[in-house]
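Read through the structure below, which is laid out as structure tokens, and then see the notes.
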Amino acid sequence: MFREGSRDDAALVKEGLFDKLEIGIASDVTIRDKWSCGEIKKPETINYRTFKPEKGGLFCEKIFGPTKDWECYCGKYKKIKHKGIVCDRCGVEVTLSKVRRERMAHIELAVPIVHIWFFKTTPSRIGNVLGMTASDLERVIYYEEYVVIDPGNTDLVKKQLLNDAKYREVVEKWGKDAFVAKMGGEAVYDLLKSEDLESLLGELKDRLRKTKSQQARMKLAKRLKIVEGFVSSSNRPEWMVLKNIPVVPPDLRPLVPLDGGRFATSDLNDLYRRVINRNNRLKAILRLKTPEVIVRNEKRMLQEAVDALFDNGRHGHPVMGAGNRPLKSLSEMLKGKNGRFRQNLLGKRVDYSGRSVIIVGPELKFNQCGLPKEMALELFEPFIIKRLKDQGSVYTIRSAKKMIQRGAPEVWDVLEEIIKGHPVLLNRAPTLHRLGIQAFEPVLIEGKAIRVHPLVCAAFNADFDGDQMAVHVPLSIEAQLEAKVLMMAPDNIFLPSSGKPVATPSKDMTLGIYYLMADPTYFPEEHGGKTKAFKDEVEVLRALNAGGFILKDEICGSRRDETGRGIHIHEKIKVRIDGQIIETTPGRVFFNTIVPKELGFQNYSMPSKRISELILQCYKKVGLEATVRFLDDLKELGFVQSTKAAISMGLKDVKIPEIKKEILKDAYDKVAIVKKQYEDGIITDGERHSKTISIWTEVSDLLSNALYSEIKKQTNSKHNPLFLMVDSGARGNKSQLKQLGALRGLMAKPNGAIIESPITSNFREGLTVLEYSISSHGARKGLADTALKTADSGYLTRRLVDVAQDVIITERDCGTLNHIEVSTIRQGSEELLPLKDRVYGRTVSENIYQPGDKSNVLAYAGDVLTSAQAEAIDDAGIESVKIRSTLTCESRRGVCAKCYGLNLANGHLIGLGEAVGIIAAQSIGEPGTQLTMRTFHLGGVAATSSTPEIVAECDGILVYLDLRVVVDQEGNNLVLNKMGALHLVQDEGRSLSEYKKLLSTKSIESLATFPVELGAKILVNDGAAVTAGQRIAEVELHNIPIICDKPGFVHYEDLVEGVSTEKVANKNTGLVELIVKQHRGELHPQIAIYADANMKELVGTYAIPSGAIISVEEGQRIAPGMLLARLPRGAIKTKDITGGLPRVAELVEARKPEDAADIAKIDGVVDFKGIQKNKRILVVRDEITGMEEEHLISLTKHLIVQRGDSVIKGQQLTDGLVVPHEILAICGVRELQKYLVNEVQEVYRLQGVDINDKHIEIIVRQMLQKVRITDPGDTTLLFGEDVDKKEFYEENRRTEEDGGKPAQAVPVLLGITKASLGTESFISAASFQDTTRVLTDAACSSKTDYLLGFKENVIMGHMIPGGTGFDTHKRIKQYLEKEQEDLVFDFDSEFESVAG
């Protein structure tokens, strides 16, 4: 199917000197005359006795070339001297045997055969050109019915189908020669040949203009696109029917003799043999004038044989081979993970590589790795041989190899010499991000395991429990240079995803450093001495050395050394540092000897988080080299100190809180009360379950905190080892600690539901058999999750890489004026992500001034914000900042450096050619895999997050904003709407109305904001003063209440028992509850409130959703604030990335979520208009313009707005997740981008994973690359077609220049899979998914791939257009003059001889 030019083109292809690739449909002439070297007439393969290929068969030497180099079939000509001669006896050309990998043949078919790809791949290309359905075509192609090709003067219609009976009837009526009707490939060929595409195109365009129906227009546009593809290319539609079949070169479908006289063969040979056998049989039958039925059957079998060859199993049952296994057709060769694209073109095995188990190498420098001698000998063999020859130690390669095998002493000397300055690459699978491959200087070691520096383990996610790593040797000077300059471990100490240090001490190292830096535990005053003072650090160190480290006081007792110079490592001392007297400990003074002076004296404890901050600070202040030295010193110090401290954990270190019994008794009492409420019918079973879980969660937290305080206490000036391990961040966390010493707590079932009876034992006390059994439930869920989700996460990463692989930095500055606005991310009053973290390293789009002072500019437009600037902006109290983003970048290809901002891996502005798309995909995909693997570490311990009350964090005035409240009989304010919040503001002596006005216009900033849910009970009045720690509100966690806001009498409307409601007797309590159920009728269940008992004056109505439990009775008198009904929230599920990963996939695939929420289309006020077709009619009315928008909402959905509520465009009206496509249609592109970025971030933030926004923005940018044409105007674009934005603007520009009407379009959101398949490059799309469909599509319209992206260049064997292969870097060569080029060449060869 590839189009090929002259033989010169073939030479260019071999050299790789081409910059584009065109694909088309091959004509019969091309297959026979250009590709083929001869016709195959026999199905034979090789002679069973001689094992030589049969003449004219599938392996014929005359057609394909000799099987042995420079030797013909009969042996008349041997040796290279006869090169190019064609043997006069056997007809074989004397040449290299490798031509058998290149030369093709053909099979001349007895009848035309339809190519299955063009007929079966949806949409059917043949069907669309002919205007026939796929099922009609199928009946014609497989000889079931005739199709009229030329109706002549009969009453038949062209393309009409005739079955056998009808055909005979028509022949009798009109005679055989009055019309032409055929079946099979021949009929399709004739129809396609007779099709006038130009006039068909005009006719389709005309129909498209006249048609009003959207569906018909979409159908026509699809057909038009296919026809247009044929017209605009040099393809002819009849080429979709084959008269010759090309045969793949024999060495690509080998037949290999095995021991015992059997053969291993490629499935293709079997498929070709079937085709040849059937073809030959058909030719014979046709010569013999056989009856039509037999001929027709044979033709159908030939069609099926060719179908199986091209795509086995696409039509009918697949053809089976030995062992009842479907044979692999040509399509299967390309498709999937083991197909040609992914197995051989995108992923190749490499030479000069090895793998071995890894062990820790604490003695290594940061840029080194330990390479076993035997391994190095094998890997560097060619280099050793060259050096041995240069030295004159050996003269032939064979003798050099023997010398190496012997292990001669000079070989080891040469090896030592060679590996100096020759980096090797280490890789650990799975390579989830670019830190999975790094370069190191090899150090030769004994043994067979590779040694790895402890600090790079985090980047590789490696541990030493049997992990293996691969070693690769960069061979060329360029490769070595790239490895040295770009890939060395010291250049990779920060995560590209967040800019945080990845090379940080962990485990023992953290523990040692923390122990050294711990707060003073030995106070001389308490032991009758006085605090020692020292004149400088040197004196402290001298005292330490003199007395030796007295590490643990209880070991030494009160015995100090005779001289009195001994000094405790945690003793409180005074020392003069930089002219100031500081209170510190000898341990801290000792630690500061390795800290770069520019960072100042570190005088505080050092948990792992602070070490990480210190490393970042070090890099910013003193640069990379000093940081790497500091890291090596930290490693050394950490290991030494943790060894000297000899911290180990004993059973007695696990303290059980004394208050445990008391707290448990209290909890059991509370649970009993809840159970009693349930039995009395006050609450439902769901509420009882939820409340019980809340009680136990609270107990869990209480005991956990009690235990932590207990082990924090020091005994005999000694730290609890458990506390040291957890607090330093070396191992374990509070949750595990709680399970060791307090209680295991609530466990989850495999389906995520929480078991309500917790495990009250802890591991120190031991578990009962039942408790152990319950534990294993959750633990197994974790392990199963790990296995299943790893695959999901890997697939997500693959899709992300595919969609973003083309995004590279192509220019410095695109000059756009567009921007996005970012602000602090808060959850309630809690600040989740400060503004400084969101704006650091981003380009500001307009000047930022100090609030109230225009003369003080914090940052100028175009500045890339430094951490100091970002901090200043945050400190100035600025709410939001306008920054440039890849979402708004206007670069024609890729994105510009200014819109991207800093490269987080090194803190510099991103460089040209950097593959930011792949970095983004890896940054999002990598933690996904990490998290799925990390699920089981909680051992199924329920991790639910909820708080039943709101407490003021500071003093201030409480202001209600956008809240509708009603005062109940107890004087509490109950919240009636969902969208409001409580604000805590500074007491400035203003009136309440002033505060409200200032808050709504954002003129003042609140000290804290608390969004409140429907039904929340506010305990403080609007405008009242509150003090820190005061309870402000109680939140209803278990139900969504429906509260009455006016007094009156209850009247049930449409609450018909047995239809819209049912009485359910509670099994445990025997009490009967009235529950609203789902129903199909025209009923609208609601409670109406009347002012009087006669039900004359209506005061208000309240819609009751299905599933709600009615809490009032017909005719009951009620007061404001009373509960009318309650909707249980359902059982609380545990929060886990198990829910999170599918959520990320759902967002980036732009899928419609289940139970999607309805959102308001305009700003306005909510009203209801009754019911229609089992749906509630909700109206949003704009009070100013009078415009109305109707929403039909299912009765089963829970409304979160009520009549009279003001809503804004895009606000949720019902519970659930929002459909992203609706946000795009209603609120526009900017809002959608913001929504997607925030939603993806929320999933990762919940798991404590830090990913920079810019990575998610790149993926979102790729999802919004296309627009959908709504009016083509005078352009060549089609209605309903999805085109690239750039293409759309370009086409419009051309049309406007010619005076035509431009096209209209709307932005469209595509999921990442669809976006990947819609890429400009057909090679890239074909290697991703749907290979056959992509290639069929590309071939029909003769697409050209300009090889601009990464994947297509890798597949074609070119250098990738990124990094050092980026265009501008490659162009440097053009400026070198010829002499200089020669010089460079000479230098290279010199260099090679030195390196060799």
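Numbers run from 1 along the shown chain.
Heads up, the Cβ atoms here are built off N, Cα and C, so glycines get one too.
The annotation Zn(2+) 1 binding site is assigned in Swiss-Prot to Cys72, Cys74, Cys87, Cys90 on the grounds of sequence analysis. The Mg(2+) binding site feature in Swiss-Prot is assigned to Asp463, Asp465, Asp467; the stated evidence is sequence analysis. Residues annotated as Zn(2+) 2 binding site in Swiss-Prot, with sequence analysis given as evidence: Cys814, Cys889, Cys896, Cys899.
Among the binding-site residues listed here, namely Cys72, Cys74, Cys90, Cys72 has its C-alpha nearest to that of Cys899 (Zn(2+) 2 binding site).
The C-beta environment of Cys814 (Zn(2+) 2 binding site), restricted to residues of the same chain at least 6 apart in sequence and closer than 8 Å, consists of Cys889, Glu890, Ser891, Val895, Cys896, Lys898, Cys899. Here the C-alpha separation of Asp465 (Mg(2+) binding site) and Cys72 (Zn(2+) 1 binding site) works out to 58 Å.
For Asp465 (Mg(2+) binding site), other Cβ atoms within 10 Å of its Cβ number 6. Annotated Zn(2+) 1 site Cys72, Cys74, Cys87, Cys90; additional same-chain residues within 8 Å of its Cβ mean position, judged by their own Cβ, are Glu61, Tyr73, Gly75, Lys76, Tyr77, Asp88, Arg89, Gly91, Val92. Within 8 Å of the centroid of the Cβ atoms of Asp463, Asp465, Asp467, where the record puts Mg(2+), the same chain has further Cβ atoms from Ile358, Ala462, Phe464, Gly466.
The closest partner of Asp463 (Mg(2+) binding site) among the binding-site residues, by CA position, is Cys72; the full candidate set was Cys72, Cys74, Cys87, Cys90. For the pair Cys74 (Zn(2+) 1 binding site) and Asp467 (Mg(2+) binding site), the C-alpha distance works out to 56 angstrom. Cys72 (Zn(2+) 1 binding site): 24 other CB atoms within 10 A of its CB, across all protein chains. It is Cys90, among the binding-site residues Cys90, Cys896, whose Cβ has the fewest other Cβ atoms within 10 Å in the structure shown.
DSSP gives Cys896 (Zn(2+) 2 binding site) a strand state.
For the binding-site residues listed here (Cys74, Cys899), the lowest count of other CB atoms within 10 A around the CB belongs to Cys74. Cβ neighbours of Asp467 (Mg(2+) binding site) (same chain, under 8 Å, six or more residues apart in sequence): Val357, Ile358, Arg428.
Other residues of the chain with a Cβ within 8 Å of the Cβ centroid of Cys814, Cys889, Cys896, Cys899, the Zn(2+) 2 site, are Glu811, Asp813, Thr816, Arg884, Thr886, Thr888, Glu890, Ser891, Val895, Ala897, Lys898, Tyr900. Of the listed binding-site residues Cys87, Asp463, Cys889, the Cβ environment within 10 Å is emptiest of other Cβ atoms at Asp463.
The DSSP secondary structure for Cys90 (Zn(2+) 1 binding site) is coil.
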